[in-house]
Amino acid sequence: MKLHDLLLSLNLPLPAENPDVTAVTHNSAWVKPGAIFVAVRGLKTDGHKFIPQALERGAVAVVGEGFEGDLPVPYLQVNSARHALADLACVLQNHPSRELQVVGITGTDGKSTTSWITYHLLQAAGKASGLLSTVGYKTPDGVLHHFPQHLTTPDSPEIQSLLRELVSLGTTHCVLETSSHALELERVRGVQYQVGIFTNLTPEHLDFHGDMEGYFQAKRKLIDRSHFAVLNQDDPYARRLTDHPNHTTFGVSPDAQWRAINIEEEVSGLKFTVVSPAGTFDVVLPMIGQFNVHNALAAIAAAHHLGIEIPVLQQGLASFEGVPGRMQILSSTPRVIVDFAHTPPSLEKALEVLRPSTPGKLWVVVGSAGGNRDPLKRAPLGEVASRLADQAIFTEEDCRDTPIEEILREMERGASALDKNNFKSIADRREAIRFAVQHAADADTVLLAGKGPEDTLERATEILPWNEVEEALQALSL
Ligand SMILES: CC(=O)N[C@H]1[C@@H](OP(=O)(O)OP(=O)(O)OC[C@H]2O[C@@H](n3ccc(=O)[nH]c3=O)[C@H](O)[C@@H]2O)O[C@H](CO)[C@@H](O)[C@@H]1O[C@H](C)C(=O)N[C@@H](C)C(=O)N[C@H](CCC(=O)O)C(=O)O
Ligand SMILES: Nc1ncnc2c1ncn2[C@@H]1O[C@H](COP(=O)(O)OP(=O)(O)OP(=O)(O)O)[C@@H](O)[C@H]1O
């Protein structure tokens, strides 16, 4: 696309030069010849500092919020570089979301699970669907691809080019897990959402959002932008969104429109009855954890809005194979389970879920991320682990530039407050897993929490390949 055409559609002034533009990026290291470099003033550094590097790599234009000096390529000044990045990405890919029925899913917990169930239901109904989630992205052939970065919702250029790729593969529907960071940092600006789902809101990422109200305001953007909203009637924050002109609700509250009753949890999974505007019907869902009733209800309500009949939904739920790394059962004696729970409330829920079906002791191996990833949750994670497990092992989980000892000390501090003396720290994650698996008795359950399906482990400046399931299986075979 010519630079002028791109700028005209955004009402930006036209420079004298009019080169061909092949891509747009905010990261100088990702610039390829023909790209526009958008200099973003970030939380850690200022992208304007990297303009020379972007030019060396072949940038044909630079967009920014203010730059003193001469450049050999056009410089376009904008009020918001993040807005410009998203707008340019949308135009360059010719707004792929307008050719798709996009279902966005936000909330503190349950985003990935709800996304995967929704994708599965759409596919089961014969809709060629795509999925972008923390776990990776799926094309309509069902193949799971991994993102190069560890993000739930990638940056706007990546989202737009993935949506375009999906359209070119014949995709008609796309499920887009949408984090609060993505909403706040405008990564999903310009995405046209047909349906927006709000799962729940509990304290997380408050270092980034400031307080719960800031966190809520970021999340509500998804609902405000969606044509139809699917809201958790049991969550006080979601209930604040019921002034959306076109919405439905789900939950166990008597006033939820899609309501679950007669919930039973068996070893093989969940059974419940749904009372809804589309009728009353039974559901069998092969998943552990009552919270999955809410995830399933949200997916059912969204899929039904998109025209999928109840019998197809029932069949789809019964054949759902779960989400990789979410309550994934690897063995039975001891029962070893890999789960992604990495917030105090989700860890609490995971341990509570496993307790009734554990005749022996309940073990947990858990860490807390380093860097700027929510240091305030370290002590609460330690507290939850010590309170609800019989034995807790604290270890690393992407400690990045934070010394592991600092993180472990915080987790121990949280646990010590209970005075149960049932925890131990083993910094190396592989050793921690092996210790727990080898010391567990046959009747015990070992929950390996936090990493789930992630394929890397970030340690100081190193990014190591990681496979939690493989690690657990190796520990079991020793
Ligand atoms: C805290 C956060 O979200 N940060 C995001 C933010 O970074 P930033 O603007 O602060 O970037 P910065 O590091 O200050 O750099 C400023 C600019 O200089 C550029 N730069 C920097 C260095 C260089 O050599 N060259 C260069 O061009 C950077 O690309 C950036 O554009 O904006 C960037 C561009 O959109 C994001 O890539 C980056 O996500 C980082 C990688 C990240 O780790 N984010 C996590 C916390 C996140 O988003 N998590 C949520 C899920 C949360 C959950 O629910 O669990 C997610 O959606 O994944
Ligand atoms: N609806 C829910 N309410 C509370 N906890 C939940 C819910 N759904 C899942 N969980 C718990 O949270 C963990 C993470 O679930 P899931 O991956 O679906 O959430 P998420 O919001 O996508 O988080 P992330 O984006 O970090 O993956 C699960 O393993 C489970 O323990």
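The count begins at 1 with the first shown residue.
Using N, Cα and C of the backbone, Cβ positions are placed for all residues, glycine too.
Automated prediction, rather than curation, is the source of TrEMBL annotations.
Under the heading ATP binding site, TrEMBL lists Gly107, Thr108, Asp109, Gly110, Lys111, Ser112, Thr113. The domain 'Mur ligase N-terminal catalytic' annotation in TrEMBL covers 21-89. The annotation domain 'Mur ligase central' is assigned in TrEMBL to 105-303. What TrEMBL lists as domain 'Mur ligase C-terminal' is 325-452. Residues or ranges marked as N6-carboxylysine in TrEMBL: Lys219.
In the structure as shown, the Cβ atom of Lys219 (N6-carboxylysine) sits within 10 Å of 26 other Cβ atoms.
According to DSSP, the domain 'Mur ligase N-terminal catalytic' (21-89) comprises 22 helix, 16 strand, 31 coil. Proximity of the recorded positions Gly107, Lys111, Lys219 to ligand 1, judged by a Cβ distance under 6 angstroms to any of its atoms, singles out none of them. Fewest other C-beta atoms within 10 angstroms, among the binding-site residues Thr108, Ser112, Thr113, are seen around Thr108.
With helix defined as DSSP H, G or I and strand as E or B, the domain 'Mur ligase C-terminal' (325-452) counts 52 helix, 30 strand, 46 coil. Of all Cβ atoms in the protein chains displayed, 20 besides its own lie within 10 Å of the Cβ of Asp109 (ATP binding site). Recorded residues Thr113 (ATP binding site) and the residue listed as 'N6-carboxylysine' have their alpha carbons 18 Å apart, per Cα-Cα distance.
The least crowded of the binding-site residues Gly107, Gly110, judged by other CB atoms within 10 A of its own CB, is Gly110. Gly110 (ATP binding site) sits 14 Å from Lys219 (N6-carboxylysine), taking the Cα positions as reference. DSSP assigns Ser112 (ATP binding site) to a helix. Cα-Cα distances to Lys219 (N6-carboxylysine) place Gly107, Thr108 within 10 Å, out of the binding-site residues Gly107, Thr108, Lys111, Ser112. Under a cutoff of 8 A between CB atoms, and with a sequence separation of 6+ in the same chain, the neighbours of Lys111 (ATP binding site) are Ile105, Ser133, Thr134, Thr152, Glu177, Thr178, Ser179, Thr199.
Same-chain neighbours of the ATP site beyond Gly107, Thr108, Asp109, Gly110, Lys111, Ser112, Thr113, judged by a C-beta within 8 angstroms of the site's C-beta center, are, in sequence order, Ile105, Thr114, Thr199, Asn200, Asn295.
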